[in-house]
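In TrEMBL this protein carries:
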DOMAIN    A:11-141  domain 'VOC'
Number of protein chains: 2
Amino acid sequence: MSITSGIGLRRIDHVGIAVPDLDQALELYVGTLGGECTHTETNSEQGVSEAMVAWPDGSSQVQLLAPLDENSTIQKFLDRQGPGLQQLAFEVEDIDHACAVLRDKGVRLLFDEPKTGTGGSRINFAHPKDVGGVLVELVEPVASTTPH
Amino acid sequence: MSITSGIGLRRIDHVGIAVPDLDQALELYVGTLGGECTHTETNSEQGVSEAMVAWPDGSSQVQLLAPLDENSTIQKFLDRQGPGLQQLAFEVEDIDHACAVLRDKGVRLLFDEPKTGTGGSRINFAHPKDVGGVLVELVEPVASTTPH
Ligand SMILES: [Co+2]
Ligand SMILES: [Co+2]
């Protein structure tokens, strides 16, 4: 088996949405759209204040991402194109393997080594220019807290 | 119970991605990202040629959307901002009820009455300006083919 025999994506973990204000966004996604906020977190390395929102029949969540400061990637996204869909994240079994598969296929990753994402997960991003204009995130969850 | 007591969203049904070429996009999502193409369809009312792509552990799919012609909403999206994340679709139990709830909360819908979506489903869209910049789709699946 070559390294490219399987990338090991399991499912859509979350869809990331850039929002200017987290509380207002929660009012929309929980209040109006009937989701349940399952987790909130501040990730200063990623420059975001975030909330995960779930609906009863699916495991894929919405990740609301508000900027912590002006240098946040999310603030730059908001300045460039306004609030909206920002990233598509896949759960992966082994992020080091998945990143190696992508690099082998000529897809650039944003980080040399995975960084820390939601709930202590390990994350990296494929460069949108190499994957059809989408900011694709890979998420290797902390084993014991994987929601299945 | 008031009409707004529950909108009835069940899960993220799919994430729609605008692509210039469906075959190339399938090469990326099936070939590189290891998904399985579960359905293809041409929807001339919506002006799209589309493919649904699934991963083994999740029910939320990627919907690749290529324009059928220059007047397609997808072509206009591609002209405006290039390929990328275009819509977020939720499965809903009763789309007429969900649309009434949204209208009651001041959210505009793109169509007066639901139109036909993937696999004979009934769909409508909330206006992005009223839901934080995201094109939110509601999907009421054909009962007998709901994947659960
Ligand atoms: Co994310
Ligand atoms: Co759709």
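From the backbone N, Cα and C atoms, a Cβ is placed for every residue, glycine too.
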For this session: Determine how many residues of the domain 'VOC' (A:11-141) DSSP places in helix, in strand and in coil.
Result: 36 helix, 52 strand, 43 coil
Problem set entry | Local confidence of the prediction over the domain 'VOC' (A:11-141), expressed as mean pLDDT | 97
